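Features of the protein shown, as given by Swiss-Prot:
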BINDING   Arg19, Glu20, Leu21, Lys22, Arg113, Arg514, Cys515, Trp560, Glu604  5-methyltetrahydropteroyltri-L-glutamate binding site
BINDING   Ile430, Gly431, Ser432, Glu483, Asp598  L-methionine binding site
BINDING   Ile430, Gly431, Ser432, Glu483, Asp598  L-homocysteine binding site
BINDING   His640, Cys642, Glu664, Cys725  Zn(2+) binding site
ACT_SITE  His693  active site, proton donor
Amino acid sequence: MTFSFTATVLGSPRIGPNRELKKAVESYWAGRLDAEGLDALARDLRRRTWTSLRDAGLDSVPVNTFSYYDHVLDTAAMLGALPDRVAGIESDLDRYFAAARGNDTVAPLEMTRWFDTNYHYLVPEISPTTTFALDPSKVLRELEEARALDIPARPVVVGPVTFLLLSKAVGSDAPLLDRLDELVPLYADLLGRLAGAGADWVQIDEPALVADRNPKEIAAAKRAYDRLSGLELRPAILVASYFGSLGDALPAIASTGVEGIAIDLVAGSDTLATVPDLTRKHVVAGVVDGRNIWRTDLDAALASLGTLLGSTGSLAVSTSCSLLHVPYTLDAETGIDKALRSWLAFGTEKVREVVTLGTALTSGRESVDDEFALARAAASTRNTDRRLHDATVRARLDALTASDPGRSPAAERREAQSALSLPVLPTTTIGSYPQTTQIRVARAARRKGEIDEAEYLKRMRAEVADVVALQEKLDLDVLVHGEPERNDMVQYFAEQLDGFFATDNGWVQSYGSRCVRPPILYGDVRRSNPMTVEWITYAQSLTQRPVKGMLTGPVTILAWSFVRDDQPLADSANQVALAIRDETVDLQGAGIRIVQVDEPALRELLPLRAADQPGYLDWSVGAFRLATSGVSDSTQIHTHLCYSEFGEVIEAIARLDADVTSIEAARSHMEVLDDLSAVGFDLGVGPGVYDIHSPRVPGVEEIAASLREALKAVPVERLWVNPDCGLKTRGPAEVEASLRNLVDAAKLVRAEL
């Protein structure tokens, strides 16, 4: 009989507790570290991760969750589905990174958000000529490494249904799921090899099944797992779901011969008692939240587990999803107050909670009474802490009226904004400029106490002056100050708003080597002082051209933070919106004529099921409009959106009512413009004309061709010219070359009009 484990997690972080992987990968890209050195570091990171999970008490440890860049890209490589354009690159590793990042001659794969999280994956491209072929070397190697360390290893792979549903069809309109029969034999081969290598269990992730799926898709998934579970030589199969309820897919998967099903009981609401086939399954219950950082209510979690005991064959405790989405450990946080610390659980602490619940399930709650008592005490102090309830903030929210989130009609605003006297096809950038060595040195010196605040501010003002001078030299029309003072577009504001806490080492992976430190929104939000006015007005004093005020919108601040779970998201969004509204009014009062309120994460919080989406879109649009409706008609409001499948939220983008919307569109080849046209979008739009996530410098004619394509869908008087995202992560030389070509392309197309 297959061994049934009792405590596990669905995945773990891979960047390293001190971002070791990020630094090593970037050193490899820069030529400072060779492939052997990178491999040695990766092997050590895997060893440390697996042994810490085993030693914490997990009796099944996920492996193959490590990745140099992205686990979906790893799956494409495993299935022989990297794009043809990288085939000529000799090195496997360089071919992999070229698909992820591109190079001087190769465009990268598109990137988009992983379901409704702030992690982003590379979108595989599947064409009619794609010939799938199995390369199991990575997963087999990691299994071998783990077994050599006496790790109770459970290999993890992205499932065939999810892989196809998340991929992009190229050169054909046929549904990619029609090719499932081509993939199932490869997975069958993989299962046989894993069994031969000693795997007792394999976890096959199928999170795509928690979104709305039609009967044909569910039937296809059932057929696939009927075939895989019918194999004679294979490990036990755990089909893992997360980020929501399986719904109709649950009985379909339960009716197959797979031994286990992992279910998200934090984000989902599946009623297991209604699925009789689960009485023959090993159910892995995700009762510890893998996406947020709040301490688990152990009493409630154990009660939930208790209700499942009669509905399942056997039961294990787990996180609701991979711990990829939370920081490593609270131990690295030294500046956090005692009360707030007691309310939190990062990765290490969540593993401890899983083990505690597993012990309570198998040995009785009395065996872990102390842990349960600590959890109860933390919940009690959180419920009574005065920081969570600010009477002034609550009164202001209660006083809002239906007219507060509204502005004048767009035509009236356009007339008032004509005083800006901008040319057709005005050029601008999204906001941030490269974080130069000088910026990083100054920031580190201030942190170590080697320079005082006055010297730091002096150096940052010099950076602002350099960025303004560069933009004038390049002849851009609307300028930005470059954001040298900002370490992160959300954390910068969180550090200045009451109700937030910014961690020292709470790093999580956003994509590739890009890591972020999401702040913690734990209480009511209030702005005590202006946050950006001094920086923007200084930049404006250096030029006669308009300089944009740069703010982050309320939805993005929520999406890229760990948000309190004791009140509706809409309430927290409106609190943040009022703080941003006050800042826009202050910027206008200081003479700033254009204010950009970025909402790159608008799509990320969209619920996965259609029935839940209208409510979210109502409050998210309302929060943006509340944040931007305090200014006069003559102040031009911009917003920026990125990493999004805009078709699903395109009407909401129009409802934001921003005067100009810049959109990441370079990797998706301007597809979003057709969606905008279809909903009658009649405001300014700046589709990104080149991809800043790739180090390649686009040519003038390449950018001009993108502009000509955009003009087929957008009237010239409404089209803006900009990159598709901020320039923070790029090098100064490539930024200058790219922007020079952008301006030259705009001038070229203007001359053709």
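Quick reminder: no glycine exception, Cβ is built from N, Cα and C everywhere.
These numbers come from a predicted model, not from an experiment.
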Spatial neighbour of His640 (Zn(2+) binding site) that is closest, considering only the binding-site residues Arg19, Arg113, Asp598, Glu604 and their CA atoms: Asp598
Euclidean distance between Cα atoms of Glu664 (Zn(2+) binding site) and Ser432 (L-methionine binding site), Å: 15
Secondary structure of Glu664 (Zn(2+) binding site) (DSSP, helix/strand/coil): coil
Cβ neighbour count within 10 Å of Leu21 (5-methyltetrahydropteroyltri-L-glutamate binding site): 23
Spatial neighbours, same chain, of Cys725 (Zn(2+) binding site) - Cβ under 8 Å, 6+ residues apart: Ile430, Pro600, His640, Cys642, Glu664, Gly688, Ile692, His693
Surrounding CB atoms that lie within 10 Å of the CB of Ile430 (L-methionine binding site), all protein chains: 26
Between Cys515 (5-methyltetrahydropteroyltri-L-glutamate binding site) and Gly431 (L-methionine binding site): CA-CA distance (Å): 19
Lowest local Cβ density (other Cβ within 10 Å) among binding-site residues: Arg19, Gly431, Glu604, Glu664: Arg19
Asp598 (L-methionine binding site) CB neighbourhood, other CB atoms within 10 A: 25
Cβ-Cβ neighbours of Glu483 (L-methionine binding site) (radius 10 Å): 25
Leu21 (5-methyltetrahydropteroyltri-L-glutamate binding site) and Asp598 (L-methionine binding site), distance between Cα atoms, whole Å: 29
Recorded L-homocysteine site residues Ile430, Gly431, Ser432, Glu483, Asp598, farthest C-alpha pair in Å: 14
Among His640, His693, the one of these recorded positions whose Cβ has the fewest neighbouring Cβ atoms within 10 Å: His693
For the L-homocysteine site built from Ile430, Gly431, Ser432, Glu483, Asp598, further residues of that chain with CB within 8 A of the site's CB center: Thr429, Val480, Met489, Met550, Gln596, His640, Gly726, Leu727, Lys728
Top Cα neighbour of Glu483 (L-methionine binding site) in the set of binding-site residues Arg19, Arg113, Cys515: Cys515
Per DSSP, three-state class assigned to the residue listed as 'active site, proton donor': coil
Coarse DSSP state, helix versus strand versus coil, of Leu21 (5-methyltetrahydropteroyltri-L-glutamate binding site): helix
